[in-house]
Amino acid sequence: MDPNCSCPTGGSCTCAGSCKCKECRCTSCKKSCCSCCPGGCARCAQGCVCKGASDKCSCCA
C-alpha cells in the first residue's frame, strides 16, 4: 500500500489536488504525484518512480 495514499501499490487512485502518491497511479490530480516531477509533466498521472527529491522521475526524464 502507498504510504501516502489509501490505494494498493501499483493501483490507481483519484486524489485531490494535494496528491502525494508515490507507489500508486493517480488518475485525477493535475499536479505532479512525485516531488521530483515538474508540475507540467502530462505523463505523471500514468505513474512514475521517484528515487529522491533531487532525482528526475522515470516518466519525465
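Cβ from N, Cα, C; glycine included.
Because the structure is a prediction, the values reported are computed rather than measured.
As given in Swiss-Prot:
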BINDING   Cys5, Cys7, Cys21, Cys24  divalent metal cation 1 binding site
BINDING   Cys15, Cys19, Cys24, Cys29  divalent metal cation 3 binding site
BINDING   Cys33, Cys34, Cys44, Cys48  divalent metal cation 4 binding site
BINDING   Cys37, Cys41, Cys44, Cys60  divalent metal cation 6 binding site
MOD_RES   Met1  N-acetylmethionine
MOD_RES   Ser58  phosphoserine
REGION    1-29  region 'Beta'
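The Cβ of Cys21 (divalent metal cation 1 binding site) has 24 other Cβ atoms within 10 Å, all protein chains considered. Neighbour counts of Cβ atoms within 10 Å were taken for the binding-site residues Cys7, Cys15; the minimum is at Cys7.
Looking only at the region 'Beta' (1-29), the predicted model's pLDDT averages out at 67. Using a 10 Å radius centred on the Cβ of Cys5 (divalent metal cation 1 binding site) and all shown protein chains, the other Cβ atoms total 20. Separation of the C-alpha atoms of Cys15 (divalent metal cation 3 binding site) and Cys21 (divalent metal cation 1 binding site): 8 Å, rounded to the nearest whole number. Annotation note: Cys15 (divalent metal cation 3 binding site) sits in a coil segment as assigned by DSSP.
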